[in-house]
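Taken from TrEMBL, the feature compositional bias 'Basic residues' applies to 1596-1605. The annotation compositional bias 'Polar residues' is assigned in TrEMBL to 1606-1633, 1641-1655, 1706-1728. The compositional bias 'Low complexity' annotation in TrEMBL covers 1769-1780. TrEMBL lists 1-81, 90-170, 178-263, 272-365, 370-450, 460-545, 556-648, 652-749, 1153-1245 with the feature domain 'Ig-like'. The domain 'Fibronectin type-III' annotation in TrEMBL covers 751-848, 853-952, 957-1053, 1057-1151, 1247-1341, 1346-1437. According to TrEMBL, the region 'Disordered' annotation covers 1580-1670, 1706-1731, 1759-1787. Per TrEMBL, the feature transmembrane segment maps to 1456-1476.
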Amino acid sequence: MRGNVAVFKCLIPAAVQEYVSVVSWERDTVSIVPGNRFSLTSFGALYISDVQKEDALSTYRCITKHKYSGETRQSNGARLSVMDPNESSPTILDSFQAGEVYAGQSVELPCIAGGYPSPTVRWLKDGRPLPSDARWTRRLTGLTISDLRQEDSGSYACEVTNSFGSKEVSGQLHVIDPLRVTLSPKNLKTGISSTLFFTCTVEGSPEYTITWFSNTEPIVPDQHISIQGQHNDTLQITAAQKFHSGAYQCFASRKGHTAQDFSIILLEDGTPRIVSSFSERVVNPGEPFSLMCAAKGAPPPSITWTLDDEPVVRDSTYKTSQYTLSDGLTVSHVNVSSPLIRDGGVYRCVARNSAGSAEYQARINVRGPPRIRPMRDITAVAGRNTYITCRVIGYPYYSIKWLKDGMQLPDNHRQVVFENGTLRLTDVQKGADEGTYLCSVLIQPQVSINQTVHVTVKVPPLIQPFDIPSTSVGKLMYIACVVSSGDMPIRITWHKDGQLIVPGSASGVAIETKEFMSSLQISKVTLKHNGNYTCIASNAAATVSWERQLIVTVPPRFVVQPNNQDCIYGKAGVLNCSVEGYPPPKVMWKHAKGNPQQYHPVPLTGRIQIMSNGSLLIRHVLEDDRGYYLCQASNGVGSDISKSMILTVKIPAMITSHPNTTMARKGQTKELNCTARGEQPIIIRWERGDTVIDAERNPRYSITINKKGDEVISTLKLNPAERGDSVFFSCHAINSYGEGRGLIQLTVQEPPDPPELEVREVKDRSMNLRWIQRFDGNSIITSYDIEYKNKSDSWDHMYTTRNISPTNNQANIVELHPACVYSIRMYSYNKIGRSLPSKELTISTEEAPPDGPPMEVILQPMTSQSIRVTWRAPKKELQNGVIRGYQIGYRENGPGSNGQYSIVEMKATGDSEVYTLDNLKKFAQYGVVVQAFNRAGTGPSSTEINATTLEDVPSEPPQNVRAISVTSDEAVITWAEPPRLTLHGVLKGYRVVFWSLFPDGEWGEMQNITTTREQVELRGLEKFTNYSVQVLAYTQAGDGVRSNVLYIQTREDLPGPPAGIKAVPSSPSSVVVSWLPPHKPNGVIRKYTIYCSSPGSGQPAPSEYEANPEMLFYRITHLSRGKQYHIWAAAVTTAGRGNISSKVTVEPAGKVPAKILSFGGTVTTPWMKEVRLPCSSVGEPAPTIKWTKDSEDSAIPVTADSQRQILSNGTLVLRSVKAEDSGYYTCTATNTLGFDTIIVNLVVQVPPDQPRLTVSTTSTSSITLAWIPGDNGGSSIRGFVLQYSVDNTEEWRDVFISSSERSFRLDNLRCGTWYKVKLAAKNSVGSGRISEIIEAKTHGREPVFNKDQPLLTHINSTHAGLNLQGWTSGGCPITDMMLDFRPKGTWAWQSLKANSTTQLFLSELREATWYELKMKACNSAGCGNQSSQFATTDYDGSTIPPIKSARGEGDDVKKLFSIGSPVILVTLGVALLFIIRKKRKEKRLKRLRDSSLTIYVSFHVCVCSKNNRSIDTPVKGPPQGPRLHIDIPRVQLLIEDKEGEDKAAVPVTDTEFSQSVNPQNFCTGVSLHHQALIQNSGPLIDMSDIRPGTNPVSRKSIKSAHSSRNRYSSQWTLSRPSQSQSTASARTLTSDWRTMGSHGITATESDSYSASLSQDTDKGRNSMVSTESASSTYEELARAYEHAKLEEHLQHAKFTITECFISDSSSDQMTTGTNDPADSMTSLSTPSEPGICRFTASPPKPQDYDRGKNVAVPIPHRANKSKTLTMPSSNAAATSSSSALGRLQKQSVGAYSKSYTLV
């Protein structure tokens, strides 16, 4: 079926499938290269994907190759029958079955299916979807699994499914590990006589067999070699000999798969040899020594030690060790740590292994008296060497001598005496060498010591050599072993193949042994007697042996004889023949075809082999294999044997002749012939595809059969041939031995079907057509014709394009007219004839781009970065369609510009257009051109026009700023002009800004000087003072950027006078002088000079004394008692002596009243530092020091604690000072004669208060902010830190701003985006509190599609044009455009991305199909969406009807009703709930208006600045009406009524907000009549953090919520707290109320309410407005206020603040007020400083309702002292106040509150 996959398989007979494989495929005699649509599988199949009609025109053949013979054959040809798609369920074309594959390989599981629609394939493993693994690849050919693993085994299923059904095929896959063999040890080098073990480890398949080979020959076990283990996996070689060297292989086999490993053995003479040893030495007793002996051998030897032939035992005296190096060297040590005389002697090391031994010895002499150890008797073997050692210990000695029978040795050539005293006897002889030997050691002259040893000589046995002749089975055998010499007794034994022979009937051997002879007798030799026989003789001296081999020969004989046999052609056959004998006989096969007398040897090839048992294997039987076979065996023993047999080959039925492909004309008669041969009888069956043809039931078919010799010919006749007959026909020949099949591809030819024509692209003057030739009539297409005409004309006036090449499937039609409608049709041709015409298409050509530019282009600079462009549309006749928009190109024409235009687009709005270019360079010339565009494209541009942006401030400071101090009060500042490109205008001049920096860190007043020069002289500066200097350039637009701060210090000068001086008597002859440094030291004080003179003394000059600059006091001695002295002082710098201080008079005295040398004054310090306030005193008697701190009306003594300490010298030390430590401190020195005091004003500097931050203006890319600084904390503000971030992120960016700035513009922001901004001030102490976070949004919004614009510009059968110009940007450039579309009723969406400036076509659409379309346009402000539906036209351009349900006309109504009913019910429910809530709200409002019992409440907030903090002054003047300070664009004041779940809220009107407010002191009041205010309650809500210097107080049940910021940062809610909350409050500032009227102040009952920030909601976010729309919000509030109709009632209510908490941002603790009354009031009343405030509401007296002109009177209260206003009838109020204050004093000492009333 066209579009499906075609499968070709090469049919190979099962008998030869193991040996024949497919190597390639041919298409029309040309080899097919895999790729594109052609795939060759691993099992030899050919797949053709996306089958087309032209694939049926070729003939396909497979090429096979024989595995052994290399013969290649070509199959018969096959043709492909291609049918048009028709709806059908899937059919399996190729599948897989169970299989077994080795791990690590790849396997291909085929699964090919046909059907229409094309089926989808799903693979399952063990009933589950395939796991995710890169090794699993789904291909056209099926499932390919690479790098197979054991876990891949399982059941695999392939499911194929389409909309008409499904099929499944499954199979079992077994993954087995390939055999892997490891032979260990790998390479071995050892010595002869070693025992070797080889282990063959096999991994992989559990079923395998192991065989061993040595030097490529199979290993036969013998006396040295044995094969052990369950799987014969161990090879043992005992007493290995030289001939055992070589390569050993282990083979593991399973089902034809073999793996092997090998090892190399090298056997050498491994007899040990000593390679390193020790030498003879002399040691002293107790002197440690170490002996080393190293030996080599194969295998590595072991080393033992002896001392005088006694083993050295490891103990406390002897320490031995031994180890083997990697090269096989064995090293051994003996260590003697503290030797004695007995440890001396001959040390011997002996190295032994299986190949032999070696030894070395040397004497170690230990000094001491010599003696001889007792010597054991020695037994020597005759013919060998013997050593006799004289075991002498002690040293020194003179000589060692040996004597035998009184004669000194040696006395012959066989005797040798070594220097160490060892006697060697060579070739020991029994008669000569046996006897007693004497060792004589000369220890002193004429003094010897002696020791004897007896030597006995033993003679070993000697076997006479013998041989064993070979024999045959059944004969007798006698073997004699005679010992010719040796000491008796002698024992003789026999061994066969290393095993002891046990005589008896089981072994068939008899043994007869005499004194020195033994014989072995075999009465009847059999094959089992083959082997090596060994005679072993032994006595006390030695054991000897003699070995010879017995060979028993057996002539060959048949075990299984050959018999006549039948084999089937093409299959495997085995001709049985099995023989035995010794030596093993060799088998030869011979073959004779016709004459049994003419045998020839059978050639052994890969097809024919002789098996190990002698049978003949023919893997693939051929006809030539028939005939006579002879099996002949021989082994050289006796006569050869042979046996013949006859092989008959049976031929299965096979097709010998049939046409591979054949042609027929549709409607004519066609005959198909098929010839078969084989063993008779033969039956022939015909099939069409997979269906057997029954000619009796189908009259269109007839079958005839003819016999010709041994062949059968069958003929199938078709009458007539039809299109459906273009399939495979097969003839099947069947007999008793097999079946053959022949495939015939019949192709029925006819004229082609008309092509399917579609439009691929339409332009203004051309179009591109594409067509698909569905059915070519089974004949090659020869050409195409295209005809087209105007739709309104007849086909008689057509245009024709003829003889288009058949290789083309598309064509361009040119020279068309724009916006014209054409009809198009097409024909196709083959050799049979012409097709019918295709369906007509109706096509409309597109518009063309404009041919003219815009007119009257005018440029007007607007700002320093913007130019407004205006123009008119091009001429009408040149527009070539509807102008959709314009492209404005602009470029900078200044030096350094690249000359490239930047392009912006805008949509057309009419005949005249205007556009403003933003973000241009400042004071730069720009050239601008404008182009118009329509749907077709962009027209020519206008002539370039130039304009220059306006001036702006310089963006960089002057360069190379330098400062030089000229004198003590003058400095010169120089600089260079800023870079020209950064001036942004015409330079007007420079401004020098400078200020002084005082030693205490404070800044002086900021000054500036303007000049046009690049140098300025600063005169009148403070002497020896640090200055900060900055320089800026300015243009007509204003000041530019300041330069970096430059620091300069003026020069030193004469100092000023000391700031103060004191002189007090300290004794009858001395006084103490103290002074203060000068206010203006004008330099570094080098010293102080003190002057002392006595009036009337007659001395013309005063006495001078000098003091170090660090000393501020001096004692003057040697004065006269009772005499007055004048004393003064002066400071000295490098410039000279300064002015003198004032003069003081003092008189020395014996009794001195207390005096203080230290000075009072003001001390300024940063908070959290340690401060020392000195108070040095003198007096006689010594005075006592007392410090006090001034309070409100009294002085409080200063006591020592962890924060305060008074030193012995009177100094007061304050640690970690805070704001509350500020104040006046008094130091008093007292003794019995008097007292003295000083007052010190301590000023503690704290971080600055938070600024009040507001938004001034916004644009698409900037936000301008303004602020009012808060209190500076006692230290001048150094600068501001502005932080901002995008609203939905927490990535804050920092901007540092100068202290002089009060506004700042954030540039380069994202268009249409919300930003969060906060600000903090910084002084010398540090950074202050951060302002409240405010939010602002840059101009712009998300894109919106213009409803007046068409979404689709053009639709035909396969294309749709989209109008992307219909999107409006919302003020922010569109960055992304995404489209999704799909045919209606399908699931999968197709996605596209587009540029908003280009026209987009959806191509390759289905004709006459409804589509769903979704468009999304995005910019920095968000995304806009637009969806639609459209339908492509039919092939002839006609439209299609809307989609209707197939169930009937009423189904749509039912579906709509089923969907709409729940929606309607939900809507009605919501509406009903809304009506109920509205009714309840109206009832509450009615109660609010008609309530008989009302509450007279007033809400009052007052803010006072630090410059006007008076709390005792009543507010004068008429009422100002409700006022509220507004810090952010949107503020609401809500009074909330909570009744059940409902709330009624009344907002403050715009009128109340708009009244002018005094920023220093303002009050706000609102009134409300509502009975429920006394009954209902609401929670307290935390709203702030703490200011420096406040007292933290713990609170209960209050959670800090300042981190949960709210957009309505000044939106308040007023409600009454619950009982539990009110009782839990720890501190109540005041609870009394005073109403001032004609009867004075009246106390009334009280109740408490709370004010808090409203919570953030989505509704609040959506209604949040920027600065430009704030006024409209206030108007909405005013309208809501009027709707409530409560204005007339709000004039008589009041609220009073009774309690406020301020939260600490660093903890969950709260504070109530501060020590500073002004600070407390400021913190309570500042709207931008959130907190928790509680209000007290009291109902007024009935007569108070008419009082409309009462004034607001502030009533102050203090914790320690009650203070009230003097007013009529105030007794009751005073009583109430006293009771309230009494409660307050119990709760918190030092708390402070204010109560205000506004009537």
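Easy rule for this one: first residue shown is 1, then count along the chain.
Each Cβ is built from the backbone N, Cα and C atoms, and glycine gets one as well.
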Spell out yes or no: are there three or more C-beta pairs under 8 angstroms between the domain 'Ig-like' (272-365) and the domain 'Ig-like' (460-545), with each pair 6 or more apart in sequence?
no
Which whole number is the mean pLDDT over the domain 'Fibronectin type-III' (1346-1437)?
84
So, do the domain 'Ig-like' (178-263) and the domain 'Ig-like' (652-749) meet, by the test of 3 or more Cβ pairs under 8 Å (sequence gap 6 or more)?
no
From the DSSP assignment alone, can you count helix, strand and coil residues within the domain 'Ig-like' (1153-1245)?
3 helix, 54 strand, 36 coil
Do at least three CB pairs under 8 A connect the domain 'Ig-like' (90-170) and the domain 'Ig-like' (652-749), leaving out pairs fewer than 6 apart in sequence?
no
Please work out the helix, strand and coil residue numbers for the domain 'Ig-like' (1-81) from the DSSP assignment.
8 helix, 33 strand, 40 coil
Can at least 3 Cβ pairs under 8 A be found between the domain 'Ig-like' (556-648) and the domain 'Ig-like' (1-81), with each pair 6 or more apart in sequence?
yes
So, by DSSP, how many helix, strand and coil residues make up the domain 'Ig-like' (272-365)?
3 helix, 56 strand, 35 coil
Tell me, please, if the domain 'Fibronectin type-III' (751-848) and the domain 'Fibronectin type-III' (1346-1437) are in contact, taking contact as 3+ Cβ pairs under 8 Å between residues separated by 6 or more positions?
yes
Helix, strand and coil residues within the domain 'Ig-like' (556-648) as assigned by DSSP:
3 helix, 48 strand, 42 coil
Per DSSP, what is the residue tally for the domain 'Fibronectin type-III' (1247-1341) in helix, strand and coil?
0 helix, 48 strand, 47 coil
Counting each residue once, how many in the domain 'Fibronectin type-III' (751-848) are helix, strand and coil under DSSP?
3 helix, 48 strand, 47 coil
